[in-house]
Structure formats: structure tokens, C-alpha cells
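A short write-up of the structure that comes next.
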Amino acid sequence: MGSSSSMWTVCVILASLASAALCANPRRPVDVQFGRNYVPTWAFDHIKYFNGGSDIQPHLDKYTGTGFQPKGSYLFGHFSMYIKMVPGDSAGTVTAFYLSSQNAEHDEIDFEFLGNRTGQPYILQTNVFTGGKGDREQRIYLWFDPTKEYHRYSILWNLYQIVFFVDEVPIRVFKNSKDLGVKFPFDQPMKIYNSLWNADDWATRGGLEKTDWSKAPFIAAYKGFHIDGCEASVNAKFCDTQGKRWWDQPEFRDLDAAQWRRLRWVRQKYTIYNYCTDTKRYPHISPPECKRDRDI
């Protein structure tokens with residue numbers, strides 16, 4: 001009887017740990033071919049396809065970059081992409097993965113990877129626009145070389161928070177702070193945009209480092225193309241799910257303790273700019289949503 005009881009206890013503990021692990025992170029992404037979810041939007045000839053469309057390589061030259069977007073628009077969900085950044089001298093280039101709506105007071109959720117001179121690290125800039133207002137930049141260095149291997153970059157967006165992930169590590173959280181008078185993206189469907197383009201007027205050292213076109217073409221690589229969201233192309237009200245979708249469940253309304261520790265690690269080790277702590281920009285009081293930032 002004692003042996004059976006002990007075995008039962010072990011099973012319960014293991015089941016609890018497994019359940020906690022599942023709750024801690026978004027559902028496992030389903031990787032599909034490019035054409036399943038996406039279409040090119042400009043400079044079609046600057047995208048090359050491999051492995052039957054499972055992998056693509058956007059190209060940037062002195063004439064143009066390129067981009068792609070999904071076939072539908074989405075309101076809430078989990079969106080991810082495996083990306084390998086432009087290697088070598090990538091100064092002046094920007095590789096972008098972001099969500100955006102389509103009107104003047106638009107919402108937007110940005111990953112922007114800012115290229116640099118050979119040997120210097122990439123900078124990952126994130127930003128959040130709500131009701132047409134942005135200016136919420138945060139910048140970090142990555143703890144790996146993003147040009148060597150594919151890494152997954154993902155966005156979890158629900159009615160409670162927006163979480164930016166690098167692989168399984170949360171690097172930023174933007175909480176719903178409507179009670180503080182801060183707008184939150186909740187009623188404008190967004191498309192997922194991806195692009196490789198020249199931004200040497202600002203991208204590297206504030207525009208001091210220009211794109212060296214003798215190094216062109218600049219080539220990034222994408223795969224994965226995961227979308228698990230509520231398609232709202234026809235009727236956005238359909239996506240007002242009131243807790244019916246997996247991303248609305250209680251375990252996804254805040255980070256768990258382990259995720260907060262990982263986020264704190266990123267903040268302490270790799271953050272190089274956070275608008276919430278920019279006293280030159282905000283000499284008297286930081287923006288109200290910064291009150292929800294546990295590390296400040």
C-alpha cells in the first residue's frame with residue numbers, strides 16, 4: 001500500500017509539473033509552408049523559395065527590399081516566425097516582423113532588427129503603438145548571434161497583455177492599462193507584416209553608419225510562418241471571445257514566476273534602452289503604463 005501511495009504521489013507531482021509547463025508558454029506553434037498563410041506584397045522577385053516553400057530568403061539590394069503579409073487580418077492570438085538575420089556587414093538594414101492595423105489611429109506591435117557593422121551585435125528594437133501613439137521603444141542586445149542559426153520570434157496578444165518572446169524567453173510585456181488612461185489594442189484587426197528594407201537614415205547609430213551597397217545583396221531567411229489567431233477580416237466582433245480561446249485563459253493573462261525571472265534577466269543583462277527610464281525624454285514623470293513594469 002505504501003509503495004502504491006508513493007507512486008501515486010510521484011505521478012501527481014509529475015502531472016502537475018507537466019501541466020504547469022504547458023501553462024507557462026503559448027501552445028506549440030504549427031509550422032507551415034509560406035503559401036499557406038502568406039503572400040508577397042512588393043518586389044516579388046526579391047524573395048527566393050526553398051524546400052517546397054517551407055523556407056524563404058528575402059533580398060535587399062540598392063534598388064529595393066521586399067516584404068510579405070498574411071492573407072487575412074487577426075484580432076488576438078499567437079504569431080511567430082523563425083528568422084535568421086542578414087550576416088556580415090548589415091549596417092543600415094532593418095529586418096522587421098510586426099503586426100499593424102490600417103487606419104490613421106492605428107495599433108502596431110513591432111519587432112525590428114537593426115543591422116550593424118561586421119563584428120558588432122544586432123540590436124532588437126520593440127515598439128507598441130496604440131490609437132496612433134507610439135514612442136514606446138525598448139532595445140536589447142541578444143544573447144546569441146542571430147545570423148548563425150534560426151531563432152523563433154513570437155507575439156502573444158490577448159485582451160490582457162502583449163508579450164514579445166525570443167525563443168521561449170519573454171523579453172517585453174505590455175499590459176492592458178486602460179484603467180490608467182492608456183489605450184490598448186483590442187478592437188482593430190491587424191495583419192502580420194514582414195520586410196527587409198534600407199533604413200540607413202536612422203537604423204545604425206542613429207543614421208551615422210550608412211548601408212554599404214558593395215556588400216549587397218543582403219539576405220535574411222525565414223521559416224515557420226505560424227499563425228494561431230482569430231481571423232477578423234470580415235467581422236471583428238466575432239473575435240470578442242470572452243475567454244473562449246486558449247490565449248484568453250487565466251494562465252495567459254500574466255507571466256508566471258519563472259517567466260518574470262527570465263524577463264528580469266533580459267532587463268538586467270541585455271537591455272540598452274527603455275523609454276520608461278529615459279529621464280531626458282520624460283524628466284518629470286514616466287508614461288502611465290510604465291507603472292505596470294515590475295522592474296522599474
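The backbone N, Cα and C atoms fix where each Cβ goes, and this holds for glycine too.
When Glu105, Glu112, Glu231 are compared with the xyloglucan site residues Gln125, Thr126, Asn127, Asp135, Arg136, Glu137, Asp201, Trp202, Gly206, Arg281 in Swiss-Prot, the one appearing in that site is Glu112. In this structure the alpha carbons, written CA, of Cys230 (disulfide bond) and Glu108 (active site, nucleophile) are 17 Å apart. Its Cβ placed at the centre, Glu112 (active site, proton donor) has 19 other Cβ atoms within 10 Å.
Annotated pair Cys239 (disulfide bond) and Asp110 (site 'Important for catalytic activity'), C-alpha to C-alpha distance, rounded: 22 Å.
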